[in-house]
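S.K.: Just dropping this structure here.
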């Protein structure tokens, strides 16, 4: 059998899969395009990107993710609302049903790698019933060469069957959708959802379990490098600007979402990007915008005119969470090998919808650990006209849904690396200024870029700072090219007493959330706020 072949028979017996119909082995992009169109899975847009719809699930099914509770990993897992236990016998029963379902069906297999570091990468296999999910895997993971395929010894397998629905009362799931990780069997099973992000995030969870046990810091962050190789990493939850701010014309992109930090430096886990594209414009985000016009890109839930085949990135009729999946090589300025040195700067991004955090602030190491464990951002509660009450969101390590181990373990690793390499740390608010929604305005992307650039090139560090009286943050007195009054958030509010009340309210939210970490952190970190 040649790689990229279409074969009858199995070759998948090691996974318990017998009697499938056609198997598309590591098919190239063009073949997968043909299969997507032939099977009615999507449409080709006028400039070549593939448009698909995910149906009911347009985002992650957070309540439907489980980890099998088995002896090998049970004591290490941070069990709770995020990492829900699933009985081994229920997993075996459900998996047997899935293997029966696959009999007589066409399957798409992609053999690839997770992790750009030769020392830490793991060979992964994605088996799916959807051609476009195979293309997603091909975009998002690191592609194996023909020579590497000869020795590709799969360490973790994802079996993805969107049309296979669980029976909650029988199978022990919360709904018809499920994402279940079994560390003992090195297997992930996904069913009942077509949202492709589940594939990449399940392997991200696997890496977040495996690598820290080897002393490698795993991170939900983007990363880029300057002309001289100086590296910056950007932590942040979805919608805070990781992808946007790391795809900068004056820097080389290492990766946009998932990275490791070992003794040699930073390395990308992926071979592609998964960018939010709602209201994307060529002016504010030119690099990402151009990717939505390229062959090989998958546009998830983006509106398309079925006659002209033109897309509308401003149309949120399907979801606000429209996405583009594309190989990182679609970006013109990248670090080709996906690896960089030790970071010079750590930037923690937040989208503060209360409008009380500064656009940028310098953090002490203790403050950096506090904000890393807090993982704060805020979302607008509703879409009604007028003022809406923001909702604070705290997600430990800026990625709690994907962190299988205890947050303190990740924080300890990060703290040691920051101290060892004397890393400068910054907090950047890409959210509101002058008040929340309906009162203030969203921070301009151009302002955030200018502030980040000034931090990375040393301009801010060489200047003076003023101490914020509420959050204890060091705020720069000036930034070239920006109005000085926007740097201190209190100055932008017309009602200063309203600012004070809102800021202190947010401080109390921080304190309440941090109670869970006090027992495992130093007094210096616990007393930051």
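Cβ atoms here come from the backbone N, Cα and C positions, even for glycine.
Predicted, not measured: the structure shown is a model, and the values here were computed from it.
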S.K.: Swiss-Prot records 60, 195, 201 as substrate-binding residues. Which of 323, 362, 406, 442 is assigned to the same site?
M.R.: 323
S.K.: Quick check: of 171, 256, 257, which does Swiss-Prot put in the same Mn(2+) site as 201, 220?
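M.R.: Answer per Swiss-Prot: 257.
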S.K.: At 10 angstroms around each C-beta, which of the binding-site residues 60, 220, 242, 323 has the fewest other C-beta atoms nearby?
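M.R.: Taking 60, 220, 242, 323 as the binding-site residues, the minimal 10 Å Cβ count falls on 60.
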S.K.: Could you measure between residue 240 (ATP binding site) and residue 201 (substrate binding site) for me? Cα positions, answer in whole angstrom.
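M.R.: Just about 18 Å between their Cα atoms.
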S.K.: Taking the Cβ of residue 195 (substrate binding site) as centre, how many other Cβ atoms lie within 10 Å?
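M.R.: 25, counting other Cβ atoms within 10 Å of residue 195 (substrate binding site).
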S.K.: State the three-class DSSP label for residue 323 (substrate binding site), counting H, G and I as helix, E and B as strand, and everything else as coil.
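M.R.: Strand, per DSSP.
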S.K.: Would you kindly give the Cα-Cα distance separating residue 60 (substrate binding site) and residue 238 (ATP binding site), rounded to the nearest Å?
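M.R.: For residue 238 (ATP binding site) versus residue 60 (substrate binding site), the Cα atoms are 12 Å apart.
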S.K.: Between the Cα atoms of residue 323 (substrate binding site) and residue 242 (ATP binding site), find the distance and write it as a whole number of Å.
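M.R.: So the Cα of residue 242 (ATP binding site) lies 14 Å away from that of residue 323 (substrate binding site).
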S.K.: Between residue 220 (Mn(2+) binding site) and residue 195 (substrate binding site), what C-alpha distance do you get in Å?
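M.R.: Distance between the two Cα atoms comes out at 19 Å.
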S.K.: Could you give the Cα-Cα distance between residue 195 (substrate binding site) and residue 257 (Mn(2+) binding site), in whole Å?
M.R.: 17
